[in-house]
Amino acid sequence: VLEWDTVTEHASGQARGLAQTLLNVPYGEGDGEKLDVYIPSTNSLDVPLVIYIHGGYWQFLSKEESGFMAVPLVHKGVVVVAVEYDIAPKGNMDLMVSQVRRSVVSVIQQYSHISGLYLCGHSAGAHLAAMVLSTDWSQYSITPQIKGAFLVSGIYDLLPILSTYVNEPLKMTEEVAIRNSPSKLVPQLKLSSSSCSVVVAVAEHDSPEFRKQSEEYYKTLEASGLNVTMEDVPNTDHFNIIEQLVDGEYHLTKLLLKMMGKS
């Protein structure tokens, strides 16, 4: 993780030098409820925005090393937003899910002129992005129209985590795990995000559990009639599948740009 951390941190620093940045923009009242925004210098009215939600098993990493994908995307006229949320042990699962949902609402309120809203999440961040897609927006002030979502090497059923070391700082009960498992919330996703194009991506060398969860979640979404595709990315592992988004020629970067009409 440390080596990967260094790669993404370096690229995030590079992105801050390439783009106009708004750092530590609050989306709520909590200390950890902040956004970093990477803005292209363009006069175009066709400006899509992608929100990136970092991974780290809900207990590592931050927005500080989460701006790396801005390197190729800002160059193509895309706004990139990196979200901070309160990782464990400070934050629990219910809080993290609430925070990322509120961050999306805040972004829409601040950037209502964008041509489209997209999500990208990695690992635990893919779980949180899937939870955003599965939101009942009736209890929020706005209903975001999310055009596309990239769920990369994600976890969609939290129950297998309960008995592992990952849950030690999270302290999830079975009830908490069930209500925060996207695999259990597909009917709500269909209600809230039926027009969203979803890409479920998994690394060739991801662990069997990650691969199994991605394949099962993809099949469940497909069976529900949702617009979903599966990307099994060759020659990648759990970390470099996402860190390669610093490269404009990388398969997933090109796929994301194509989805946003920026290829």
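Positions of Cβ are set from backbone N, Cα and C atoms, glycine also.
A TrEMBL annotation is a machine prediction, not a hand-curated record.
If you look up TrEMBL, you'll see 35-133 marked as domain 'BD-FAE-like'.
Look at TrEMBL and you will find 54-58 tagged as motif 'HGGXW'. Within its own chain, the motif 'HGGXW' (54-58) has Cβ neighbours under 8 Å at 1, 65-66, 82-83, 87-88, 91, 93, 96, 121-126, 153, 166, 170, 242, counting only residues six or more beyond its boundaries.
The Cβ of Ser123 (active site, nucleophile) has 26 other Cβ atoms within 10 Å, all protein chains considered. TrEMBL lists Ser123 with the feature active site, nucleophile.
For Asp206 (active site), the same-chain residues 6+ apart in sequence whose C-beta sits under 8 angstroms from its C-beta are Ser153, Ser214, Asp237, His238, Ile241. The feature active site is assigned by TrEMBL to Asp206 (among others).
Annotated active site per TrEMBL: His238 (among others), in sequence order. His238 (active site) falls outside any helix or strand according to DSSP and counts as coil.
When pLDDT is averaged over the motif 'HGGXW' (54-58), the result is 97.
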